[in-house]
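Peer 1: Below, the features straight out of TrEMBL:
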- Arg52, His53, Gly54, Gln55, Ser56, Thr57, Trp58, Asn59, Arg103, Lys138: substrate binding site (BINDING)
- His53: active site, tele-phosphohistidine intermediate (ACT_SITE)
- Glu127: active site, proton donor/acceptor (ACT_SITE)
Amino acid sequence: MLSLVCSPTPAISVRRRSTTPCCATLREAEAIPSVAEKARRLREAKRVVLVRHGQSTWNEEGRIQGSSDFSVLTSKGESQAETSRQMLLSDSFDVCFTSPLIRSKRTAEIIWGSRPKEMLPDSDLREIDLYSFQGLLKHEGKERYGSLYRQWQKDAPNFTIDGHYPVRELWDRARNCWDRILAHEGKSVLVVAHNAVNQALVATALDLGTEYFRILLQSNCGVSVLDFTPQDQGGTFNICLNRLNQTPNSPVASGTSGGRKTKSRMILVCQGATQSPGSEFGLGGMGYEALNMLGVIQSQKTAELLLDLKVNCIVSSPRVPAMDTATAISEVQEAADCLGADCVPRYVERKQLFDLEVEPIFQKARKNSTTYQSGWLSSFNQSTLKELWTKSVSAWQALLKDLSSESEEEKILVVAGHPAILTGLLCQCLHLSVDWMPSFHLDPGSVSVIDFPDGSAGRGVVRCTNYTAHLGRWSIPITRSTVDDEAF
């Protein structure tokens, strides 16, 4: 399943109290109703799929585009859009909202294909307005604007140019976009837009402020999925990110994060499906079950995905399915460079971390985690979620210590464990409280990637979450039809 829901208790005011946004963010939140407040008007579940446009001519040139409309898709961009079309081919979208800019509109046309339903251009979906910066090559921006360009790179939420605060204006626009998206009667909505505005749409949906700009990556033709799901009680809606930035290309390929080369990387690998009986996904609740055949395939596919990386260390929960997943990855890593009979396997450090072990918490709650479906974490009470979150605090600190390195070379740490603890680690990375734990969804065999451009002591940048394309025919579809499907 690809759905997520938030905490079963009304969380709007709790969430704002549990974060420490800047004054500007508080002013923004007070001026415009949150997306959660707007979602209360919904009568049924809604899924929103966000896609960034394919590579454009100005992307290729390294030129600052902003909301200018002079670039078009390159041949690579057209190919990326076609890949996205194939990924979303079976989805029964009811409507497509698109930015009116050429590069995004063309991407939308390719993905939408021959669908007879409407495409709606929305000017608020245009890319961030960057005023005097637009059209400059990046090196020209540095040369002409000096400290102002550095502020754009280092402190974008407070960056001001030509009398405007571009990122704050963008967040306001994103909240306005949600008015039209949520008001549309369609249950499955496609939105094709741009890097910055898609970041803002994800962040504002989760009630995150402008300080999250450049933290939730959106690559060319990357797909992100948000679910708006009704609660069983209280008449409220949960807003949940079940996938971030599933891209046509590998999520672990070398590259930059927010325009900066990464120094350290943490790869979160959800353990594969187990032999637990009576479970659709077989994630298990006690941790003693071995991987079933699907789980073995998932672990091998993940090992292949990581094949070209030089993984330094693999840390896992001491429970069987996590250890088996870690073993599959380490065996492929160690044999990756061995082509001859006398080759010495490359050593990959293996560790077990007891703070990654969460199954006893499920036992204490007298609730098995085998029913792994939409919003499954919200089925636990607040005290159980708090225990899971507390475990993730300790685990995160231990993992950051393992990730730290004096070397200038990139360090890669793989973490294998149960989706519940890996969800907690995502919250730790994003400096979020326990209230956000049910707001993220991870599938068995999925991969999530966190980059640290400033090293492990710096802020983590989430490259993707719940990536499953590497599983091939055994992957979880990015979306699936909502027709006649009460549970999404």
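Each Cβ is built from the backbone N, Cα and C atoms, and glycine gets one as well.
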Peer 1: Cα of Gly54 (substrate binding site) to Cα of Glu127 (active site, proton donor/acceptor): how many Å, rounded?
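Peer 2: Given the Cα positions, Gly54 (substrate binding site) is 14 Å from Glu127 (active site, proton donor/acceptor).
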Peer 1: By a 10 A CB contact count over all chains shown, which of the binding-site residues listed here is most packed: Arg52, Ser56, Trp58?
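Peer 2: It comes out as Arg52.
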Peer 1: What is the biggest Cα to Cα gap, in Å, among Arg52, His53, Gly54, Gln55, Ser56, Thr57, Trp58, Asn59, Arg103, Lys138, the residues listed as binding substrate?
Peer 2: 21
Peer 1: Please name the residue among the recorded positions His53, Arg103 whose C-beta has the most neighbouring C-beta atoms within 10 angstroms.
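Peer 2: Of His53, Arg103, the one with the most crowded Cβ is His53.
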Peer 1: Taking the Cβ of Glu127 (active site, proton donor/acceptor) as the centre, how many other Cβ atoms fall within a 10 Å radius?
Peer 2: 24
Peer 1: Between the Cα atoms of Trp58 (substrate binding site) and the residue listed as 'active site, proton donor/acceptor', what distance do you get, rounded to the nearest Å?
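Peer 2: Given the Cα positions, Trp58 (substrate binding site) is 13 Å from the residue listed as 'active site, proton donor/acceptor'.
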Peer 1: Enter the number of other CB atoms within 10 angstroms of the CB of Gly54 (substrate binding site).
Peer 2: 28
